[in-house]
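Annotation comment: TrEMBL describes 56-79, 99-120, 132-149, 161-178, 190-208, 214-236, 300-322, 334-353, 365-387, 399-425, 437-456, 468-488 as transmembrane segment. Taken from TrEMBL, the feature domain 'Major facilitator superfamily (MFS) profile' covers 57-491.
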Amino acid sequence: MKQNADDTSIDITKKDLSNFNNGKEVVYSATTMSDEPKLNDYQSLRPNERISGNSFYLYRAALIGDLLALNAGIGLSWTSPVLPKLHGPNSPLNTSIDTFQESLITSILCIGAAFGAFLFGHLADKIGRKKTLLTVAVPMVAGMPILAFTDQVRMYYLGRFLYGLGSGGVFTVLTMYTGEITEDHNRGKFSCIQGLFVSLGVLCSFSIGSVLCVRIFCLACLLPLQIFVIFFALYAPDSPSYLVRINRLEEAEAALRNLHLLSKGQAGEAIADLQRLEEIHKESKGGVKEIFRSTGLKRAFLISAVLLILEQFSGINAVIGFMENIFRASGDGIPPQAATTLVGVIQVATVFVTSSFIDKLGRKFLLLVSAIGSAASILVLGLYFFLHKHECRLLEYFWWLPISCLLLYIVSFNLGLGPVTWTVLCEVFPDNVKSTASSMVAAICFLSSFLVTFAFPVLSELLGMAESFWLFGLCCVLGIIFIHYVVVETKGKSAIEIQKILSEK
């Protein structure tokens, strides 16, 4: 294949759309009937027009894998219930900590995640998605006992870094795995379910972490990881596209039949399609140079990277990581533990709603609504803290405003900027560059998260809480403009169709 500067993805797209099936449109004719009654309804369907049912095997593989996402959510919010305890009389540390150390304990997880994105993204192409995901659990399992039993601040840094290393693998490889075991019509839903499990992890931290001592809380966090390792090893298949790539065709056929409810003939056609795509991708081996030679891939990288930077600079990890401290600073009289638990419940409910509507309303619409709501709520929250700093007497009538703004912010964020950005990431890149591109974008995301979570308590002391929230609000406003003018709709489209759209714009 000829690889010109701006037409790599155009060449791939044209080859796939015009020559994908030797220049002919494939229609599955009902020439034979399956012995399995449930499979007879799948005859006479085009490759991308499968019936919209989801199999038990698909749910089982996705939900077991999402236990890793639950633990990643616990890691992101772990500091919210723990940091206040480090200042209390029962602190597990042998010394008090200052603002800088608080910031580093919170944010060093993101540094680990940035390294983990590259490490496990590379492993995913070498040993497969399934083995890599099992490997992802290792640093997470190692990190929590360190946090449970140490009394040294430096060991807290190590434990959080190791946990972050695994979290980076979760957001990179689990996102790829989910995209590869699903189909165009249900990919958005299952990607959002992954986000739902992240929110469940946040809720676990807010609810359980606030009532348990640090040691017991850390050890309790290991339970989902243990369940994941056992059941994922036993019951989850590797992704069909990876199995085809390493020529394990019988396993690929079994995976496709179970995951997508296909007949034997349809599974054979799907494997043939994957093999043709693999041949196309072999002609352009992928890698960093490939991403920046193609107009379509460059735009895909721009969209996914900016969306994930926006996700972080909207302030979510700062808000989640310092939630109890924010409620204490607001002085609204609501117990911080109760308020944070309520926020966690609302977050879970919102992501559940998003997973139900993402394949109906589309990605771009949800992202726009999310950015607008996040901007409005965080700007008003900043106004509250500005008036609170200046001891405005009117605030005694608006004691409910901080929790209302935070609830609206959490709802808005989880309608789009939270789960949908990762859905877009797993959709816009073809298989030959997916690991490399996803690793790069995830690393950018976590480095952005490090900057935000590290800088938030420092900025809050230097500038004030209000000014910090206004900065987040400004980023959301800029995000609204970017989403409206640059982001394309990916609902129900394959990576090749998306690349065609990106190359033509």
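Positions of Cβ are set from backbone N, Cα and C atoms, glycine also.
From a predicted model like this one, the values you see are computed outputs, not experimental measurements.
Across the domain 'Major facilitator superfamily (MFS) profile' (57-491), the prediction's mean pLDDT works out to 86. Of the Cβ pairs linking the transmembrane segment (161-178) with the transmembrane segment (99-120) and spaced 6 or more residues apart, 3 or more are under 8 Å, so the two regions touch.
Contacts between the transmembrane segment (365-387) and the transmembrane segment (334-353): absent, as fewer than 3 C-beta pairs lie under 8 angstroms at sequence separation of six or more.
Nonlocal intrachain contacts for the transmembrane segment (56-79), taken as residues 6+ away from its ends with a CB within less than 8 angstroms of a stretch CB, comprise 102, 105-106, 109, 133, 136-137, 140, 160, 163-164, 166-167, 170-171, 174, 177-178, 181-182, 186, 190, 193-206, 209, 221, 224-225, 227-228, 231-232, 235-237, 258-260, 317, 320-323, 344. By the count of Cβ pairs under 8 Å, the stretch nearest in packing to the transmembrane segment (334-353) among 99-120, 132-149, 399-425, 437-456 is 399-425. Counting residues 6+ beyond its ends, the transmembrane segment (399-425) has Cβ neighbours under 8 Å at 171, 175, 187-188, 191-192, 194-196, 198-199, 303-304, 307-308, 310-311, 314, 316, 319, 323, 326-327, 330, 332-334, 339, 342-343, 346-347, 350-351, 353-355, 358, 363, 366-374, 376-378, 380-381, 384, 438, 441-442, 479, 487, 490 in the same chain. Packing against the transmembrane segment (437-456) from elsewhere in the chain are residues 103-104, 106-108, 110-111, 113-115, 117-118, 120-122, 164, 168, 171-172, 175-176, 288, 291, 297, 300-301, 304-305, 308-309, 311-313, 315, 317-318, 321-322, 425-426, 429, 468: each is 6 or more residues past its ends and has a CB under 8 Å from a CB in it.
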